[in-house]
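Q: This is the feature table in Swiss-Prot:
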BINDING   Gly169, Asp170, Arg171, Gln172, Thr173, Gly174, Lys175, Thr176  ATP binding site
SITE      Ser362  site 'Required for activity'
Amino acid sequence: MDIKAEEICAIIEQQIENFDREIEISEMGTIISVGDGIARIHGLNRAMAGELLEFPGDVIGMVLNLEEDNVGAAILGDTHHIKEGDSVRRTGRIVEVPVGEALIGRVVNGIGQPIDGGGALEGAEARQVEIKAPGIVTRKSVHQPVQTGLKAIDALVPIGRGQRELIIGDRQTGKTALAIDAIINQKGQDMVCIYVAIGQKQSTVAQVVDKLKQHGAMDYTIVVSAGASEPAPLQFIAPYAGVTMGEYFRDNGRHALIVYDDLSKHAVAYRQLSLLLRRPPGREAFPGDVFYLHSRLLERAAKLNDELGGGSLTALPIIETQAGDLSSYIPTNVISITDGQIFLEADLFYSGVRPAINVGLSVSRVGGSAQVKAMKQVAGTLRLSLAQYREMAAFAQFGSDLDAATQKQLARGARLVEILKQPQYQPLPVEKQILVIYAANNGYVDDYPLTVLRRYEEELYSFLEHRHGDLLKDLAEKKAIDTDLEARIKAVLAAFGEQFTP
């Protein structure tokens, strides 16, 4: 076989030209201590705050402390097999989670990995978890309503798209139930819902998911769960992962609703993390930046202006109080960050007023401008009437001989309280709420005993659906009560009153 020197030269030249010397440079560090979900690593001098690190066994971590001779990192996963002396690699990426349509209907953990056995997330894109909230110029004032389907909220503490409304109360007062009802009521409202469970029992989260499935709400809901058995770093990151998923829809001109259940446990997880990282403790042993922890999370809920698509992200954070104490550290922080609060009271809950909303202490600072005009018309005097009723009821305990006007006001107030009660998982469309509140406010139920008002309400809805569907339709379309519509409402309520037997 005859090989020519020219051919050999040509082959060598070609190989030299095509030679691509790829060198993968990665910065490695060594674990000097590990425990309680925290690792201290030596040798990562160029690590960034919030950067992802790769630990042995495909576990990821997040840089939280940058110190002179080491970095403190939170391990976002199982720590049992990670030991002192192991190597850790920088990724050069800030913590990211998957976002997009692929997440709807799924249950994921605090870093967006599916935990519902439904397979991998197809077609999801990654987004950084820690990003800046929209500024003032990019926002628009809240003007569209979020209907929760609960009479007491939609009438007295209305919520608008882009608002942050705190749900606060002791344990077992119906905080989660209220948020779940709000999610169920978003069916057909073009709203994506995100439920973030922080430090909850896995059995409780499974019950919530089951309830959402029963009511067809998982078709538009994402559940992010960082359970009580998960390490503190995962509980800390979960709300940020949830809000990042919500921002994807907000930034694409859609509307999203996010529930954080609850931020008290989130603050406790962050306190644990901070103390393990040896950050100096402050009031109640919380670190100094615990206010910023929640403010930077809740400021990301916003109503964007029309140039940016007009999307919105509405937040319903939940806070658990101890014995009704609103003045402790975390409750006061979150009250000052949010645009209003719904205060649930244990005494009301146990006396049968459910949802157990204390109307006097609950307020919506920006929701009034988003409330449906018809609801504003019928519920305008409702708060005042309930306040007067409570004052008179307290006064009437001391005296038995009350004049007729006082007795009438007490009777009306008791009926208003009764009408605002509502069973769980039965949210109502706003037009039905308007009609029943109109009936109670204008004396149509004054002559009935309190015990029959629940039946009155149910039969009224049935009567309206079967005989006066056009009235409900007109109310839903017009969203305001004019003279003609009011005359029709009066006629319908009078006709129903004639056939109703207490």
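These residue numbers are counts, starting from 1, taken along the chain as shown.
Placed from the backbone N, Cα and C atoms, the Cβ positions cover glycine too.
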Q: What are the non-local neighbours of Lys175 (ATP binding site), defined as same-chain residues 6+ apart in sequence with CB under 8 A from its CB?
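A: The answer is Ile167, Ile168, Gly169, Asp261, Asp262, Ile318, Glu320, Leu344.
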Q: Whole-number answer please: how many Å between the C-alpha atoms of Gln172 (ATP binding site) and Ser362 (site 'Required for activity')?
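A: For Gln172 (ATP binding site) versus Ser362 (site 'Required for activity'), the Cα atoms are 18 Å apart.
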Q: Show which residues of the chain containing Arg171 (ATP binding site), separated from it by at least 6 in sequence, have their CB under 8 Å from its CB.
A: Glu320
Q: Cβ-Cβ under 8 Å from Ser362 (site 'Required for activity'), same chain, 6 or more residues apart: which ones?
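A: Expected: Leu156, Val157, Gly340, Gln341, Ile342, Phe343.
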Q: So what sits near Gly174 (ATP binding site) in its own chain, CB-to-CB under 8 Å and at least six residues off in sequence?
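A: In sequence order, the residues whose Cβ lies under 8 Å from that of Gly174 (ATP binding site) (at least 6 apart) are Leu344, Phe349, Arg354, Pro355, Ala356, Gln424.
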Q: Have a look at the binding-site residues (Gln172, Thr173, Thr176) and report the one with the fewest Cβ neighbours inside 10 Å.
A: Gln172
Q: Among Gly169, Asp170, the binding-site residues in question, whose Cβ has the most other Cβ atoms within 10 Å in this structure?
A: Gly169
Q: Take the mean position of the Cβ atoms of Gly169, Asp170, Arg171, Gln172, Thr173, Gly174, Lys175, Thr176, the recorded ATP site. Which other residues of that chain put their Cβ within 8 Å of it?
A: Glu320, Leu344, Ala346, Phe349
Q: Where does Thr176 (ATP binding site) sit by DSSP, helix, strand or coil?
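A: Looking at the DSSP assignment, Thr176 (ATP binding site) belongs to a helix.
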